[in-house]
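I have placed the structure first, in the form of structure tokens, so that the comments after it can refer back to it.
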């Protein structure tokens, strides 16, 4: 085991993302796996977390309750479902544990709960932990300021057949970045579905299109289309390790923060560019 003062707990340790988070923790300096959790009733409870991730024995047994590992971790990483994440948030808030939240699909009440908890604990909450995606969001701001007022803006995203929310959290973050740069409210200008006779396109709208198919890890494109030319800014992920590495990097960063709500822009200092 690596010597480290930053102990990370992974929720959903047996899932695709959970296993890659465990691999990322093993590969990265400055962190160590402190705890691994699975949902109540999972057949993986009692398994060795390292073996689940294909790393060999780690000595960390998968548990079903945060109470059982309360003293074993400093930062919790959660890429699960909103209802589960909010329960984990309440625990981390109560016990003053930092949190990395990669879960998407929260309603306004869920987002408010995260914001409130961040008054007392450090939280990095992001729709996407890929370095490349967050650089793309910065580029979208720049493009929107230059050409967003006279182009048609469309966002197209594609993910694997098992993804349960649409549009993706990343696609929504792209829309928010563009809308903010243009002084628009995404809630009032977003168009999520077109069918039948829709009429002419509203020039102030931001359209979204969603694909769910096969094993696509994640593809996102923002299109700024004018008459005679268009600019497309695209990010394609070929492995979930890019998200896992970003989340662990965020865990290292948040470990020095007593409280506050942050995103990957803060972790990567993108606002300084």
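Heads up, the Cβ atoms here are built off N, Cα and C, so glycines get one too.
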Swiss-Prot annotation, NAD(+) site containing 12, 13, 14, 15, 16, 17, 102, 103, 104, 126, 127, 128, 129 - matching residue among 26, 38, 83, 141: 38
Shell list ((S)-2,3,4,5-tetrahydrodipicolinate; ref centroid = CB of 160, 169, 170; cutoff 8 A): 104, 127, 128, 157, 159, 163, 165, 168, 171, 218, 220
CB contacts for residue 103 (NAD(+) binding site) [other CB atoms within 10 A, all chains]: 24
Packing count at residue 16 (NAD(+) binding site) (other Cβ atoms within 10 Å of its Cβ): 14
Listed binding-site residues (128, 160, 169), ranked by Cβ neighbours within 10 Å, top entry: 128
